[in-house]
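Peer 1: The structure under discussion is supplied below as structure tokens; questions concerning it will follow.
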Amino acid sequence: MPLLDSFTVDHTRMAAPAVRIAKNMTTPHGDQITVFDLRFCRPNNAILPERGIHTLEHLFAGFMRDHLNGDGVEIIDISPMGCRTGFYMSLIGTPDEARVAAAWKAAMEDVLRVSDQRSIPELNEFQCGTYSMHSLEEAHQIARQILASGIGINHNDTLALSAEQLTHLHP
């Protein structure tokens, strides 16, 4: 099984909240695709609560598009990580980490302005696979924590596992 890019970085050294360029690629038609690791929690130290991350998934996707789309950037998808420590965001374009961090900050401010659970987009049985598993209060707690902590940048070159480490971990 091939080793995925996300597993070639040392999760014990990741800062959070922080933005990291997880992958850059070019499509056969020449489009630049960038995948960002939006790390909300330090791996193996904390996780996002399931109801809060689910509510955030519904809100974050729209708010990030409001603040980041345009000027050569279009978000394809924002999805929560299975480990519940953040989100992956795939997009067309190559915005730098500072631009993404600014959009993330603005999106968290937007989350805090949502005052009623009924305002959560697609919160119904027809458009959501687990529509009863939401918490606006948990989403607010997550947003407040991100804003209070500030959003940094994780760099692949400082997080890269060495070839020796990878060989030891995956003999």
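Placed from the backbone N, Cα and C atoms, the Cβ positions cover glycine too.
Taken from Swiss-Prot, the feature Fe cation binding site covers H54, H58, C128.
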Peer 1: Do you know which of the binding-site residues H54, H58 has the most other C-beta atoms within 10 angstroms of its C-beta?
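Peer 2: In terms of Cβ crowding, the pick is H54.
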Peer 1: Around C128 (Fe cation binding site), which residues of its chain at least 6 apart sit with Cβ under 8 Å of its Cβ?
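Peer 2: Correct list: H58, E122.
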Peer 1: Near the Fe cation site, what residues other than H54, H58, C128 in the same chain have a C-beta no further than 8 Å from the centroid of the listed C-beta atoms?
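Peer 2: The answer, listed by sequence position, is T55, E57, I120, E122, L123, T130, Y131, M133, H134.
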